[in-house]
Amino acid sequence: MLLVDVATASVDVGAMSSRLAKTARIADLLSRAGTEQDARLVAVTVAWLSGELPQRQIGVGWAALRSLPAPAAAPTLTVTAVDAVFSEIGAVAGKGSQARRAGLIAELFAAATDVEQTFLRRLLTGELRQGALIGVMADAVAKAADVPAARVRRAAMLAGDLPAVAAAVLAGGDAALARFTLQVGRPVGPMLAQTATGVADALDRLGGTAVFEAKLDGARVQIHRRGSDVSVYTRSLDDVTARLPEVVEAALALPVTDLIADAEAIALRPDGRPHRFQVTASRFGRAAARATQPLSVFMFDLLHVDGADLLDQPTSDRVRVLDDLVPAAHRVDRLVTDDGAAAQRFLEATLAAGHEGVMAKSPNAPYEAGRRGAGWLKVKPVHTLDLVVLAVEWGSGRRTGKLSNIHLGARDPATGGFVMLGKTFKGMTDAMLDWQTARFLELADPAAQPATSGRDPTDGHTVKVRPEQVVEIAFDGVQGSTRYPGGMALRFARVLRYRDDKSPAEADTVDTVRAFYEHG
């Protein structure tokens, strides 16, 4: 199969709004890949259309892609050949490795057509956002293999590897799915939560009674133990065992032989209050930091204990087993109630302790690994800021031809200018995209556009605009960042509305943002 086949499918899917249409388009491509009877080809195709590399990280980012050769006139690259190049790039190490990687990238892109270059660039930089994510992809795999979608989703959940499931089912049909079972030592995708507006909303949606748990702003980890062997994985299924000895020790102290647990690792201050998330995150890069910044581990769910799979057991049963095995020092605070006032007090106490909010779980919900299940709801306060738009990026896929990703700035009273805090393309409706495209083209500052574009705001990736438009932004927190001049960045920023009633002089200041950073 040629790379252009995958690149074209990516463009097609990105332009589609219908889930059924996306599913059908991807299924057609996978059916063609399946006829070549090459398991790796199928797995790579699924991974790429999901925006992932089978090799994970290969050391190529935006800097390596700034100066690329002219595109080839005709498509010749195969998926298999490109996959091999990625593996070769990822294996480069030692003296001269940067130059060697650059040479391989240049050679690859010189053989790629324009549409292929665009696809490869977006794939390598993590910006392949065409909507073909796990749900759609699982349905497409099922359609291509002519098996029930629920069976594919279940296998992908247990394997933690949809590309591998796709390769197996397209080669062996429904019978091939039987081999994908929950296994200690093989991580699965964590269950994710939907959002509730408050504890009352959560109780209503969960049937009147809920299991409320403190939501810690740490790092989600999945713990696997078989005898004296313990493995620890991140939510993206990366193995971080060697970096988190405290988690290993906590798992080994439990009175079990086999275990799979869902947990949170977090850096706490001496008074028990949490450090900023970045302090916790820093430990995932350096095991040696334990001496200066230890981590605490809090388990909140069990997927497997001593030969028994608990995925399909209700929350209430899994919690009961958890309480029997895990000491209180390693469990999150919990309240089971149908009383809205009691739930609100629990939320307020959790926030006062410095944590993010609470999780509300249905007592009857199974553990839906890898899915954002309706049985889990997160409740946390939403912070908002009025910021100023400094620039906008042209969109891709369904947003091609629309100004999409906005650059956000806070007012700096000391200089009279604005300090950039990040970007977001989240929360925008189609109507908002239409409006902001027209609005920001009006505000485009020709003098600020690159000379290479002829000062034309429509020619280039980013449009610099006059800082006149105020936008209300919701965000979950503020973290330190070396990427932006203020040393801070918003976490999970999304657009609520544009504030035409406010002038830039009324926007929030960088000092207000710094207060969020310092005090939460």
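Please read every residue number as a count from 1 along the shown chain.
Every residue gets a Cβ built from N, Cα and C, even glycine.
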Further binder of ATP named by Swiss-Prot next to Glu213, Arg220, Glu264, Phe300, Arg372, Lys378, taken from the candidates Arg235, Arg273, Arg276: Arg235
Between C-alpha atoms, which of these binding-site residues comes nearest to Lys215 (active site, N6-AMP-lysine intermediate): Arg235, Arg372, Lys378? Lys378
Cβ contacts of Lys378 (ATP binding site) (under 8 Å, same chain, 6 or more positions away): Ala193, Gln194, Thr195, Ala196, Lys215, Gly357, Val358, Met359, Ala360
Neighbourhood of Arg235 (ATP binding site), C-beta criterion under 8 angstroms, separation at least six: Pro190, Ala219, Arg220, Val221, Gln222
If you tally other C-beta atoms within 10 angstroms for each of the binding-site residues Glu213, Glu264, the top scorer is Glu213
Phe300 (ATP binding site) has its Cβ surrounded, within 10 angstroms, by a count of other Cβ atoms equal to 25
With a 10 Å radius around each C-beta, find which of these recorded positions (Lys215, Arg220, Arg372) has the fewest other C-beta atoms nearby. Arg372
